[in-house]
Amino acid sequence: MNPNQKLFALSGVAIALSVLNLLIGISNVGLNVSLHLKGEGVKQENNLTCTTITQNNTTVVENTYVNNTTIINKGTNLKAPNYLLLNKSLCSVEGWVVIAKDNAIRFGESEQIIVTREPYVSCDPSGCKMYALHQGTTIRNKHSNGTIHDRTTFRGLISTPLGTPPTVSNSDFICVGWSSTSCHDGVGRMTICIQGNNDNATATVYYNRRLTTTIKTWAKNILRTQESECVCYNGTCAVVMTDGPASSQAYTKIMYFHKGLIIKEEPLRGSARHIEECSCYGHDQKVSCVCRDNWQGANRPIIEIDMSTLEHTSRCVCTGVLTDTSRPGDKPNGDCSNPITGSPGAPGVKGFGFLNGDNTWLGRTISPRSRSGFEMLKIPNAETDPNSRIIERQEIVDNSNWSGYSGSFIDCWDEANECYNPCFYVELIRGRPEEAKYVWWTSNSLIALCGSPVSVGSGSFPDGAQIQYFS
């Protein structure tokens, strides 16, 4: 075969291959169009299904490989989030188990751990996080000197993964302030921070990270809020705020927000005399708050909020088992309407309880005089029966170790339970004032626990840092 004949033969083969490739491409286009139209014709009542078609050099259709074809990926859109409805009761609890412990002070001996106080835990549909008010410094930083002070211009709210000590790299800044609360309504998160001078403070309100409104002091004496999570029902979030003296009559409001905007506010009603730092939880379309009386009572005041009517009432926990600190000895009879006084009495500490009839649990420091140790007490009908007594006790932190604030939280999005499992945290304060011999700073670690439906073992879970290592 001469060169010209070879050339014509090769050209003919090339043309034939090109035509074949073109025919395959046309068939692929037809297949893609038919699949696309078929996908559009499917109607679903709840979730929308979309088909994404990507054309590459090889097509895979039902595991059959064809030249130059398409990969078909299907994805399903999730349902839109819904508002939390608080339609469950509290679970029955037989004991408490630790779900997180961040050991922040132990890590802080060598790591750059942020100085915090007033920590709490709050959950949303994706999980739970720790929130805390930082002091604008780390433990080993010289600026940690003087962080015993509660209200400075350097403070702000941060969040970190629950169980992880707060560092600059893992902390998420939320807002500026020295008092805070935060809660999720099922669709978005509302946060309140309070900033400014003691006699002229301002509360800033955020919804999904955007500033929505501000609230100016109404009594010009340290406007303050819960220092733990608020609670939402059907898009409305209830928050307890106080302004006025810490050791005499103050002015408390229950405020209701929708997407960060005030829709109603009520002055405190009922027999409670003094309200600060409420620990609130939701159940049965209600919000129950166990608070701090910094003025007179060692029995804790409580607020009950009906979220369907947006109205509340207040009184005291009825039992004679006292749970504030400082406190006198337990009484044989309690009082549902009046503060129980005695020496030592004031000033108090943030605390909590779960008021659930026969399955009522109250938390308190073990020491009646100082913030040391922590225990959980099962006291059936403590919220209604002045003669109720302790039937079960579980030690959380032994009395030779420091504790601090404590508060309640609930993961309302835990679909594994047909009820709301009560949870709480304990702040483990280290440094000044109790350990001023060794350090100039004040900070904390945190431990979080949740209820168990069966009885549990025993154990103490203190902060555990050797404070002399910081000298």
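The backbone N, Cα and C atoms fix where each Cβ goes, glycine too.
Here Swiss-Prot flags 7-27 as transmembrane segment.
The region 'Involved in apical transport and lipid raft association' feature in Swiss-Prot is assigned to 11-33.
If you look up Swiss-Prot, you'll see 28-471 marked as topological domain 'Virion surface'.
Swiss-Prot lists Asn32 (among others) with the feature N-linked glycosylation site, giving sequence analysis as the kind of evidence.
Positions annotated as N-linked glycosylation site by Swiss-Prot: Asn47 (among others).
For Asn56 (among others), the entry in Swiss-Prot reads N-linked glycosylation site.
Taken from Swiss-Prot, the feature N-linked glycosylation site applies to Asn57 (among others).
The annotation N-linked glycosylation site is assigned in Swiss-Prot to Asn67 (among others).
The N-linked glycosylation site annotation in Swiss-Prot covers Asn68 (among others).
The N-linked glycosylation site annotation in Swiss-Prot covers Asn87 (among others). Under a cutoff of 8 A between CB atoms, and with a sequence separation of 6+ in the same chain, the neighbours of Asn87 (N-linked glycosylation site) are Asp284, Gln285.
Per Swiss-Prot, region 'Head of neuraminidase' is recorded for 90-471.
Neighbour density for Cys419 (disulfide bond): within 10 A of its CB lie 14 other CB atoms from the protein chains shown. A coil conformation is recorded for Cys419 (disulfide bond) in the three-state DSSP classification, outside any helix or strand. For Cys91-Cys419 (among others), the entry in Swiss-Prot reads disulfide bond, with the evidence type sequence analysis.
Shown in sequence order, Trp178, Ser179, Asn198, Ile222 are the residues of the chain, 6+ apart in sequence, with a C-beta less than 8 angstroms from the C-beta of Arg151 (substrate binding site). Sequence annotations record features per position, and here Swiss-Prot assigns substrate binding site to Arg117, Arg151, Glu276, Glu277, Arg292, Arg371 based on sequence analysis.
Reduced to three states, the DSSP call for Cys128 (disulfide bond) is strand. Summarising the annotation, Swiss-Prot assigns disulfide bond to Cys123-Cys128 (among others) and lists sequence analysis as the type of evidence.
Per Swiss-Prot, N-linked glycosylation site is recorded for Asn145 (among others). Long-range Cβ neighbours of Asn145 (N-linked glycosylation site) (same chain, at least 6 residues apart, Cβ-Cβ under 8 Å): Trp440, Trp441.
DSSP assigns Cys183 (disulfide bond) to a strand segment in the three-state reduction. For Cys183-Cys230 (among others), the entry in Swiss-Prot reads disulfide bond, with the evidence type sequence analysis.
Per-residue confidence over the region 'Head of neuraminidase' (90-471) averages out at a pLDDT of 98. Long-range Cβ neighbours of Cys450 (disulfide bond) (same chain, at least 6 residues apart, Cβ-Cβ under 8 Å): Trp96, Val97, Ile99, Asn421, Pro422, Cys423. In sequence order, Asn417, Cys419, Tyr420, Asn421, Pro422, Gly451, Pro453 constitute the residues six or more apart from Cys91 (disulfide bond) in its chain with CB-CB distances below 8 Å.
The Cβ of Asn234 (N-linked glycosylation site) has 16 other Cβ atoms within 10 Å, all protein chains considered. Checking each of the recorded positions (Cys237, Cys280, Asn401) against Cys230 (disulfide bond), the C-alpha distance stays within 10 Å for Cys237, Cys280. Taking CA atoms as the reference points, Cys280 (disulfide bond) and Arg292 (substrate binding site) are 12 Å apart.
In the structure shown, across all protein chains, Cys278 is the one of the disulfide-bonded residues Cys230, Cys232, Cys278, Cys280, Cys318 with the greatest number of other Cβ atoms within 10 Å.
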